[in-house]
Amino acid sequence: MPENLLKGKKGIITGALDENSIAWKTALKAKEQGAKFVLTNAPIAMRMGAINELAKECDTIVIPADATSVEDLEKLYDEAKEYLGGNFDFLLHSIGMSPNIRKGRAYGDLNYDWAMKSYDVSAVSFHKMMQVAEKKDIMNEWGSIVGLSYIAAQRVFPFYTDMADAKALLESIARGFGYRFGKSKKVRVNTISQSPTVTTAGSGIGGFDAFYNFADSVSPLGNASAEACAEYIVSLFSDFTRMVTMQNLYHDGGYSNTGISEEIMEKFSDKK
Ligand code: NAI
């Protein structure tokens with residue numbers, strides 16, 4: 001294992017809800033690699049309390065912020081800057097939520113108020129995080145910003161409903177802001193398109209077990225775990241990936257480029 005990849009780097013990690021969260025694993029890896037950071041989550045998620053244990057383990061603090069509120073983000077950045085003693089080298093957006101999925105609404109029967117909420121929480125908040133960061137001039141040069149996506153942005157996964165559209169928007173925002181931030185501060189912006197992962201957000205999606213197992217049997221390397229995703233995120237925060245920007249990067253064990261696997265062929269063969 002490499003050591004101290006993030007030595008001297010400072011940043012913000014959103015979205016650690018419990019020990020299954022991709023952000024939780026990222027915080028532990030980032031700490032292990034020498035980073036200093038502040039944790040944040042929506043005030044409502046704070047009630048579960050688990051994030052405070054993570055903060056203790058990472059020797060840091062938690063600053064509550066609803067990522068859809070520009071005011072909360074401004075406060076978060078000001079307080080985090082003070083605590084960390086300087087500007088940021090990395091930001092992780094690990095946030096997603098769809099009231100339509102939670103309440104079992106089909107894609108042809110979306111509640112549009114809820115759909116707007118899905119887009120705001122899961123995608124527009126990424127824009128807000130970057131717009132506030134740019135206006136406050138709070139990113140260091142050669143910094144790195146990462147969001148988390150899913151392949152439903154490119155291909156249809158019927159049960160992913162409005163989250164598919166939210167992810168397409170998220171990936172587009174990464175390109176749009178990646179251009180701006182690259183020009184102005186040499187800051188890179190990417191999304192990671194992650195395998196299905198057993199977390200609160202992931203397993204809340206109807207039919208999750210089926211598409212988790214399907215993806216696992218299609219991918220030559222199998223599904224990528226949350227921990228492997230955390231390692232990939234750390235590499236994107238490190239100086240070894242300085243020229244990668246405006247990309248949607250598949251971290252999926254090869255799923256996105258595989259048509260069919262032997263396992264799936266066997267399953268569907270008439271000759272059994
Ligand atoms: P998770 O449920 O552990 O994390 C989602 C986080 O979003 C939670 O911590 C939640 O409190 C936070 N959040 C919700 N509304 C918020 C708001 N208004 N302000 C601030 N934070 C808010 O689940 P997971 O899987 O770790 O999700 C992280 C990211 O990874 C999400 O963007 C998700 O869509 C993405 N992803 C997950 C996959 C999976 O199968 N689990 C696959 C591909 C991408």
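Each residue, glycine too, has its Cβ placed from N, Cα and C.
In TrEMBL, annotation is done automatically, which means it is predicted and not curated.
Per TrEMBL, these features apply:
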BINDING   GLY15, SER21, ILE22, ILE95, LYS167  NAD(+) binding site
ACT_SITE  TYR150  active site, proton acceptor
ACT_SITE  TYR160  active site, proton acceptor
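Residues GLY15, ILE95, taken from the recorded positions GLY15, ILE95, TYR160, LYS167, are distinguished by a CB atom under 6 angstroms from ligand 1. The secondary structure of GLY15 (NAD(+) binding site), as reduced to three states from DSSP, is coil rather than helix or strand. SER21 (NAD(+) binding site) carries neither a helix nor a strand DSSP state and counts as coil. Take GLY15, SER21, ILE22, ILE95, LYS167, the residues named in the record as contacts for NAD(+): the widest Cα to Cα gap among them comes to 18 Å.
DSSP gives LYS167 (NAD(+) binding site) a helix state.
Secondary structure from DSSP puts TYR160 (active site, proton acceptor) in a helix. Rounded to a whole number, the distance between the Cα atoms of TYR150 (active site, proton acceptor) and LYS167 (NAD(+) binding site) is 7 Å. With respect to Cβ neighbours within 10 Å, the active-site residues TYR150, TYR160 differ, and TYR160 shows the lowest count. Each residue contributes its Cα atom, and for SER21 (NAD(+) binding site) and TYR150 (active site, proton acceptor) these two points are 15 Å apart. The Cβ neighbour count for LYS167 (NAD(+) binding site), using a 10 Å radius over every protein chain in view, is 25.
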